[in-house]
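Among the features that TrEMBL reports, transmembrane segment is placed at 35-55, 67-85, 105-125, 145-166, 198-219, 240-263, 283-305. Positions annotated as domain 'G-protein coupled receptors family 1 profile' by TrEMBL: 46-303.
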Amino acid sequence: MSSEASASSENTSYGRSDLPDTPEWQMIYTIAPPYILILSILGLLFNSFVLAVFVAQRDHLTVAEIYLSNLALADFLLLCGLPFWAMNILNKFEWSYGDAMCKLINSIIVINYYTSIYTLVMISIDRYLALVKTMKARWLRRKRYAKMMCFILWLLGLFLSLPTMIHRKIKFIDKQNTTACILDYANDSPWKFSHQNLMNVVGFVLPILVIVFSSWNIIKALSQRMENAAFHDFKDTKAMVLIFAVMLLFLLCWFPFQVLTLLDTLCDLNVLDETLWSNTLDIGSQVSIYLGFLNSMLNPLLYVFSGHYFKRKVNAIYRRVRHQRRGSDMTTYQRSVVSTYVNRTEQIRHVVLLNPKDHIGL
């Protein structure tokens, strides 16, 4: 595919050189903008709530919750940029926010993707250490190390987004009379092939292998514990249900995106006929990325409805707020009582201390 006609290597191009005015594209122009805006608003509200709970309980977070808060932060930042995406589609890919925003918004999406999936990797490793290597690796499961790993994951995401930062740019497309924000690779440049392989291998295959390995061993460990009721902790099982649900949701939302990235690569290698697959990739690249965005909105709902420990933290915050309000009300009441008592005492004291002779003299 030509650099102008192709979707980005992560199937997130804002425009192609030969966008057809077909019913499929009209549906995208009509449905995608309100869908993305609603998703953004709800996702920002949900993730703000989750982050507020984690921040309020920051001194009591477990290692897994530190990683989950990192995931919520990545989702929040992604959702902040989606309204620009929605308006861009509404304008039929006419980009009007400048070259810097073109690079920034798309880079945030790539950073979010890598940070999210490798945060899930760290969560799976942490659960593996906690349930399979309980005694041997206890020193590795320290909160300080978890926070350091979160910082490293952001640096990794930033590094892996460099191809997007370099090649994303605004370009005028003659056939569409549109100034679009696209990934503009040089003709026959190895950059696109490298970027797509990076997304498939580093961004999906390797993380999934680690997650599958950890999850399989965790399931075996939990099964053995369930056979011995004395060592079985139901809370551990509920915590693992949440972790597995978060991982499964990520895979369901982003798997189509990865498949289309692979198909795009096969077209570039002439393994697949580009003329046959072009329209499928055009439409699919849009739909798959919108499905990926949905993951950032749904994650907080999993914490609320499936997270036993998260619910406990919310209840703890609620009880603390109620206690503070009661304490504040009681303090105000006590001050009122004390003030009244002091005033009356002063009045009585004044009467008692008066000289009786003064009264007789009157």
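Numbers here mean position along the shown chain, with the first residue as 1.
Just so it is clear, glycine is given a Cβ too, placed from its N, Cα and C backbone atoms.
Keep in mind that TrEMBL annotations are predicted by a computer and have not been checked by a curator.
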Segment-segment contact (the transmembrane segment (105-125); the transmembrane segment (35-55)) at 3 or more Cβ pairs under 8 Å: no
For the transmembrane segment (145-166), distant same-chain residues with Cβ under 8 A (at least six beyond the ends): 8-10, 63, 66-67, 70, 103, 106-107, 110-115, 118-119, 122, 126, 183, 191, 194-195, 198, 202-203
Segment confidence, the domain 'G-protein coupled receptors family 1 profile' (46-303), expressed as mean pLDDT: 86
